[in-house]
Amino acid sequence: MKTSPTTAHETGKPSAKLRSRQKSLLREMWKQRAAYLFLLPKMILFIAFIVLPVIWAFVISFQEFGIFESEWVGIDNYVATFQNEAFMIALWNTLKYTLVTVPVSILLALTLATLIHPLGRISQSFFRGAFYLPTVTSMVIIAMVWRWVYNYRFGLFNYFLSFFNIPAQDWLNQSDTALWALIIMSILIPPGVGIIMYLAAMGSIPESLYEAAKIDGAGSFQRWWQITVPLLKPTTLYLTMLSLIGSFQVFTQVILMTGGGPGDATETLVHLIYKTGFRDLEFGLASAQAIVLFVITLIFGLIQYRLLYRKSED
Amino acid sequence: MKFMKTVALVTVMAVAGAGLAGCSEKTEKETETANWTGKIVIWDGPRWEDPSKNKYHWLEAQAKAFESSHQGVTVEIVQVPWAELNDKLGVSIAGKAWPDIAPIDISGNGVNPTFIKQKVVEPLDDYFTADDKKDFYENALEAYTQDGKMYGVPAAMTVHSMLLNLDVFKERNVEPPKDGQWTWEEFVDSMKKLTYDKDGDGTTDVYGMSTYIKNGYYEAWPFLYMDGGRPLSEDGTKFTFDSKEATDAMKKLADLKAVEKVAPKEMGSGDVGGTWKAFSAQKSVAVEPWATWAISAAAKANMNNVMVASYPTGKSGKPVTIGGVGGWMMFAQEDKGKKKVLADFMKQLSNTDNQVLSAKNYGTFPSRKSAMDQKPFEGNIPMQQAQKLTEQAVMVPKHANWKKIDEAIQKELQLVLNGEKAPDAAMADAKKTVDGLLK
């Protein structure tokens, strides 16, 4: 015997069960109308500036899009994206950048938060502020400072290397060092958001757990490893996702510090999309590249979510 | 009932649409004949400064004069650094929020063919008669012409030349090239003598030569032309920078840094500002190739002992350089009346008097014969020296995909000058990309 949803599908009318679910959802929304009303302005902005452009980009990705006239080209832009050697190089560079910066910055945030957490209130506030400050500084300013840090003649990096008799490097202008220079810069910018979130999460771990572990003879590292780290997994999951998305979208430092060069050494996906869209005015191709980036980020995000979420449930 | 509602809605919309269409037709006809009034938005980069260090004073004065002669018209100036001009234009085009008039960078190679392909730049032939055009040099007009249509007004021209800091030449007791001409061997010999350890700490402080490599900029390219190499065949159908003439020249240029050690490690990077600073402020490089704007910029940087020379002559037996044309383009307009007003403003900006002013203050060559007839470089020896180089100038190839072709070549050139790739291998890689773009 067929179930009611199948019957509903066949007749084209919603089943009684579905109708009642919809009604109860609407009733619930009506009950919480004040909350939804407060959310409304943000949701309107979100739809206008995020959802609609994404849908529009998806539509454009199937067109040879012109300013005044466009033509449907099916999946040609996607085919061109995967056949484009520059896209593959940019993808590989972005992956390298992400695979190094995401784990290192998460680990750094966790370590720094662990060191700050036991401090007194005033010291904690000081370090919170100090580490969060670079987060509110424009990446443009940070990139300009780091250009000086990496300067071949006057840079801080080469100055330090000179103490160890290591020859000066032209960090941003050599293929083998340029991407690493950007990676090192990203790592050395304090992960302010991560530190603040870890500190907040650490504050909510019950003290009794540590006391019990102490009575059982656990050392400080064991307590950190067995209690703190597992209980911070939801925060780690959130930060990893956030960091992953940010890393896949690395752009400002690339355009300001290397322009994707030398050669293709620091070409990244968003920089390539920017060039395709705004320099070459190939909006269809750029949209296809952006959709591919979206799918790649989604896949990586899902993999991470599955791995970390399952572990945190265990 | 539903059907009736739909019919009613469609009818109302059709009537309203027809009404609106009628209105717009009427508006266009009216503005065609009437004098247009409203606001003009013009972008410009910094030019020469006035005593208060304002680098936009010339355009501000022009805007004021135009507003007085065109009652009801106001001009809004948007200041854009030259290095950001193309990016900003691209973004504004994507958002359909382009300016009415924008400058064309003199260091580039004319109107961006992508803009023409996307129909965001207006052809100007309706506003410039054959008589108007007669006053412009042919090569200046040619740079802005595509498929027989004129897509911009040439307002100035430039050539790339070698700027020599004669103070360093004097300090090192090196004779500058006679009449500004030197062979490659003479050039290398001079560069060796100019490279030295100034403070005796065992490291080189002053280098003979440096330059940069960046998409859309061609200061280094005349070196690659010196043995007869060219990026594309004359008909623009074949990539020819992989010829022996071109790759040999590339090797010679790269060897200045790798073998002769007369160029700093930074030579070949994309750092335009750093390269200029090394020459004008730090004085750590004695010779650099630049477009002619750098002549007046050097004077303003208190470099009063500067000489202009040709690029060294290679196997081709003739010095060669690359020229550029700067000017104005009009972006897509709906209103014919406004187009006429914009064209009037562009004519004013590129008239004889303004070209003379630019030549005297901004280190550019006029694109109008009438402006050159006024001898704007009297008493300005470096500009007179540079003017001689115009006879050696060739233009960057014109091709619809030139931006991408240029990028494919320039990024390989960076690797060659870094010593990371041999010229043959680099140009073989560039060819793979360029061949696809030439099809």
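Yeah, the Cβs are placed from backbone N, Cα and C, and that goes for glycine too.
As the structure is a computational prediction, the values presented were derived from the model and not from experiment.
Annotation source TrEMBL lists domain 'ABC transmembrane type-1' at A:91-304. Sequence annotations record features per position, and here TrEMBL assigns region 'Disordered' to A:1-20. Positions annotated as transmembrane segment by TrEMBL: A:34-59, A:97-119, A:131-150, A:178-201, A:236-256, A:283-303.
Ranking A:34-59, A:131-150, A:236-256 by CB pairs under 8 A with the transmembrane segment (A:97-119) puts A:236-256 at the top.
With a cut-off of 8 Å on Cβ pairs spaced 6 or more residues apart, the transmembrane segment (A:236-256) and the transmembrane segment (A:131-150) reach 3 or more such pairs and are scored as touching. When the stretches A:34-59, A:131-150, A:178-201 are ranked by Cβ pairs under 8 Å to the transmembrane segment (A:283-303), first place goes to A:34-59.
Beyond the transmembrane segment (A:131-150), the same-chain residues lying 6 or more positions past its ends with a Cβ under 8 Å from any Cβ of the stretch are 112, 116, 156-157, 171-172, 181, 185, 189-193, 195-196, 252-253, 256-257.
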